[in-house]
Amino acid sequence: MKLTHNFSFLLLLLLVHMSSKHILASKDSSSYVVYFGAHSHVGEITEDAMDRVKETHYDFLGSFTGSRERATDAIFYSYTKHINGFAAHLDHDLAYEISKHPEVVSVFPNKALKLHTTRSWDFLGLEHNSYVPSSSIWRKARFGEDTIIANLDTGVWPESKSFRDEGLGPIPSRWKGICQNQKDATFHCNRKLIGARYFNKGYAAAVGHLNSSFDSPRDLDGHGSHTLSTAAGDFVPGVSIFGQGNGTAKGGSPRARVAAYKVCWPPVKGNECYDADVLAAFDAAIHDGADVISVSLGGEPTSFFNDSVAIGSFHAAKKRIVVVCSAGNSGPADSTVSNVAPWQITVGASTMDREFASNLVLGNGKHYKGQSLSSTALPHAKFYPIMASVNAKAKNASALDAQLCKLGSLDPIKTKGKILVCLRGQNGRVEKGRAVALGGGIGMVLENTYVTGNDLLADPHVLPATQLTSKDSFAVSRYISQTKKPIAHITPSRTDLGLKPAPVMASFSSKGPSIVAPQILKPDITAPGVSVIAAYTGAVSPTNEQFDPRRLLFNAISGTSMSCPHISGIAGLLKTRYPSWSPAAIRSAIMTTATIMDDIPGPIQNATNMKATPFSFGAGHVQPNLAVNPGLVYDLGIKDYLNFLCSLGYNASQISVFSGNNFTCSSPKISLVNLNYPSITVPNLTSSKVTVSRTVKNVGRPSMYTVKVNNPQGVYVAVKPTSLNFTKVGEQKTFKVILVKSKGNVAKGYVFGELVWSDKKHRVRSPIVVKL
């Protein structure tokens with residue numbers, strides 16, 4: 001089915017009304033993005049050329065408003081460099097009329113989006129006890145030297161040692177960016193932090209007038225400094241969090257140059273970033289000369305032409321810029337993954353082999369290991385009464401609110417001097433401890449639910465606290481209910497290394513299958529995203545709560561926002577090592593060398609001790625030292641993506657405008673399963689068989705590869721040919737994968753397997769995902 005302009009707009013309005021989050025966004029704002037696709041600039045983009053584009057935007061909108069002056073007042077962004085479009089204050093009827101214009105690809109509301117280390121690089125094998133072996137990708141890729149990594153986030157704290165420029169040479173001459181500090185004299189860039197910009201007009205269109213404190217790329221949240229330093233922070237020795245996790249903090253490409261694009265601001269109804277600002281930042285980062293763009297934010301899955309991150313990523317890919325995105329923090333439910341365009345690298349989150357342990361010791365002598373980064377501790381070996389928080393319920397509070405330890409839900413008379421057991425969920429984990437402390441409680445135990453299982457997060461609690469697995473939480477609750485005077489002690493936090501099993505998928509990590517394009521497996525890869533230590537801001541506390549007076553220059557945070565920049569840093573290394581490789585080749589190297597095994601070894605598990613699937617980890621857990629020498633890659637170009645969009649239902653005229661060139665869809669249209677992706681997904685094996693085509697390119701020495709297949713349950717897989725002989729670098733070979741339902745098959749739903757090409761030196765693995 002083709003998506004016409006009218007249908008696309010009506011579909012978007014339907015999605016808006018289906019989502020309460022988007023209802024709030026559209027009620028707060030009558031601002032829209034009008035997207036025309038790509039520019040047709042020839043050669044260097046001059047100021048005059050950009051001014052001419054801006055004038056055409058005023059003329060275009062003026063033709064609808066009846067006044068060029070009104071159009072000029074309405075437009076608050078003109079995208080004039082690589083992305084062609086504008087953001088403006090429009091009413092719904094006018095937006096709908098504009099969407100019908102043949103030159104318009106899409107019109108969509110200025111939607112709100114969400115923001116989605118000392119040990120992690122050791123865990124990934126780039127170093128061992130601060131020693132960098134010759135096999136490390138760091139050595140082979142010169143630590144990412146002079147690659148430019150841009151970060152779309154909450155800005156940057158420029159004073160952080162992670163962004164010092166000692167030992168760096170001149171800024172690369174190809175860099176065109178600026179340090180936008182005209183209204184913040186305290187903000188300075190250098191040879192490491194080579195650029196910083198801020199974009200807040202879309203945010204202002206949604207929330208109203210902003211004061212002068214918003215006119216700076218300075219990070220007042222901490223998220224942006226953390227993600228940027230994870231991707232490319234310098235080596236900073238002696239870093240710890242309240243004495244825990246001591247070591248040298250560093251990013252994946254520590255010798256890369258970095259640029260911060262501030263697009264996220266104080267939350268409004270839980271959302272921090274807006275489409276109009278995100279598009280403006282992409283347009284700037286592409287023009288400025290970024291090699292890698294890291295994007296730890298996203299929204300609800302939607303049509304690619306109505307998705308600011310997908311649009312910006314496509315225009316970046318046209319300029320051979322690698323774009324890495326977080327998968328989202330809406331797990332463990334299926335089909336929650338965001339940022340699912342095939343021209344993006346989408347990253348899930350998993351644990352590493354370090355934990356910040358804090359034990360709960362009960363009066364019966366039982367010990368239960370939890371995790372915490374509390375900055376205070378109970379007196380040594382002193383026990384206190386322990387009780388379920390629901391039994392400390394305030395008179396006017398609900399039992400559920402008390403169970404969750406919401407602010408104001410606890411009776412101080414019942415709480416004083418006790419350790420309270422609070423249920424994880426709904427309100428913030430640190431906020432729960434705050435509620436206990438305000439009630440006079442001495443400590444807190446945070447109970448996991450069945451859904452969060454073994455997923456433990458070390459938080460900087462404001463009182464002695466620890467978080468327990470669901471199994472241990474049940475045992476503690478049973479002790480409390482069966483003991484006349486239950487007592488307990490919480491031990492101080494400590495750092496434990498070599499944890500097994502690791503990695504484990506984080507329960508919050510969003511999962512596939514993609515609801516936008518189920519033929520593409522998303523996420524693509526997983527990386528460390530739990531309790532990652534990296535740079536922070538000096539402006540707020542480690543909990544980001546106003547009641548917390550503590551300040552840290554480094555912090556431990558969890559989320560796919562943290563795993564995303566790990567892959568961004570690795571992409572930076574590969575860009576340094578192989579500057580001519582396409583973004584697709586870099587993604588392929590990362591995916592096909594990943595592992596699906598933990599350090600026991602056994603299959604990677606989820607937070608409930610079940611075997612995880614590719615819908616959680618994609619191709620697997622990243623292995624950077626193997627990614628630098630993948631042997632073969634699955635490559636893709638812009639034409640491949642455009643043909644994919646044709647097959648997805650977009651019409652040729654839309655796609656031509658989107659790409660900036662006249663484009664004719666291939667005839668016949670390609671099968672969606674035949675996009676040359678490093679994974680193979682057949683979302684509906686209803687016919688007798690499906691044949692999938694793939695092409696691999698040799699990026700190593702001449703070699704003979706043979707294939708091995710692990711069949712998904714109930715599916716027989718044949719590969720033709722079964723061997724590929726490569727005689728030179730750059731040589732390409734095509735093979736077919738035939739998938740057939742097995743006779744007598746009883747399997748239903750999704751099943752999983754793998755296809756591996758090997759020459760005994762390289763192992764080029766692709767996951768196979770089939771729905772029966």
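Any Cβ shown, glycine's included, is placed from N, Cα and C.
Here Swiss-Prot flags 1-25 as signal peptide.
Counted with DSSP, the domain 'Inhibitor I9' (31-116) comes out as 34 helix, 28 strand, 24 coil. The domain 'Inhibitor I9' annotation in Swiss-Prot covers 31-116 and rests on sequence analysis.
Here Swiss-Prot flags 120-628 as domain 'Peptidase S8'.
Taking a C-beta cut-off of under 8 angstroms and a sequence separation of 6 or more, ASP153 (active site, charge relay system) has the following same-chain neighbours: LEU115, ASP219, HIS223, GLY224, THR227, LEU228, ALA260, TYR261, LYS262, VAL263, CYS264, SER294, SER296, LEU297. The active site, charge relay system annotation in Swiss-Prot covers ASP153 (among others).
What Swiss-Prot lists as N-linked glycosylation site is ASN211 (among others), and the listing cites sequence analysis. All protein chains included, ASN211 (N-linked glycosylation site) registers 6 other Cβ atoms within 10 Å of its own Cβ.
Per Swiss-Prot, active site, charge relay system is recorded for HIS223 (among others), and the stated evidence type is sequence analysis.
Sequence annotations record features per position, and here Swiss-Prot assigns N-linked glycosylation site to ASN246 (among others) based on sequence analysis. ASN246 (N-linked glycosylation site) falls within a strand when secondary structure is assigned with DSSP.
Annotation comment: Swiss-Prot describes ASN306 (among others) as N-linked glycosylation site, evidence class sequence analysis.
Of all Cβ atoms in the shown protein chains, 8 besides its own fall within 10 Å of the Cβ of ASN396 (N-linked glycosylation site). The N-linked glycosylation site feature in Swiss-Prot is assigned to ASN396 (among others).
What Swiss-Prot lists as domain 'PA' is 398-480.
According to Swiss-Prot, the feature active site, charge relay system maps to SER561 (among others). Around the Cβ of SER561 (active site, charge relay system), 29 further Cβ atoms fall within 10 Å across all displayed protein chains.
Sequence annotations record features per position, and here Swiss-Prot assigns N-linked glycosylation site to ASN606 (among others). Close to ASN606 (N-linked glycosylation site) in the fold, though at least 6 residues off in sequence, lie PRO332, GLY453, VAL504, MET505, SER507, ALA612, SER616, each with a CB less than 8 Å from its CB.
Of all Cβ atoms in the protein chains displayed, 14 besides its own lie within 10 Å of the Cβ of ASN651 (N-linked glycosylation site). Annotation comment: Swiss-Prot describes ASN651 (among others) as N-linked glycosylation site.
Under the DSSP three-state reduction, ASN662 (N-linked glycosylation site) is assigned to coil, being neither helix nor strand. The feature N-linked glycosylation site is assigned by Swiss-Prot to ASN662 (among others).
The feature N-linked glycosylation site is assigned by Swiss-Prot to ASN684 (among others). Neighbour list (ASN684 (N-linked glycosylation site), Cβ cut-off 8 Å, at least 6 residues apart, same chain): LYS771. Under DSSP, ASN684 (N-linked glycosylation site) is assigned to coil, being neither helix nor strand in the three-state scheme.
Under the three-state DSSP scheme, ASN725 (N-linked glycosylation site) falls in the strand class. Taking Cβ-Cβ distances under 8 Å and a sequence separation of 6 or more, the neighbours of ASN725 (N-linked glycosylation site) in its chain are SER703, MET704, TYR705. Summarising the annotation, Swiss-Prot assigns N-linked glycosylation site to ASN725 (among others).
Annotation: ASN306 carries the greatest number of neighbouring Cβ atoms among the glycosylation sites ASN246, ASN306, ASN662 [cut-off 10 Å, Cβ to Cβ]. Residue density at HIS223 (active site, charge relay system): 25 other Cβ atoms are found within 10 A of its Cβ, drawing on all protein chains shown. Put simply, of the glycosylation sites ASN211, ASN246, ASN396, ASN662, the one whose Cα is nearest the Cα of SER561 (active site, charge relay system) is ASN246.
Between ASN211 (N-linked glycosylation site) and ASN306 (N-linked glycosylation site), the C-alpha separation comes to 30 Å. If you take every residue in the domain 'PA' (398-480) and average the pLDDT, you get 95.
For the domain 'PA' (398-480), the number of residues in each DSSP class (helix H, G, I; strand E, B; coil) is 30 helix, 15 strand, 38 coil. The Cα of ASN306 (N-linked glycosylation site) lies closest to that of ASN651, out of the glycosylation sites ASN246, ASN396, ASN651, ASN662. In this structure, the C-alpha atom of ASN651 (N-linked glycosylation site) lies 12 angstrom from that of ASN662 (N-linked glycosylation site).
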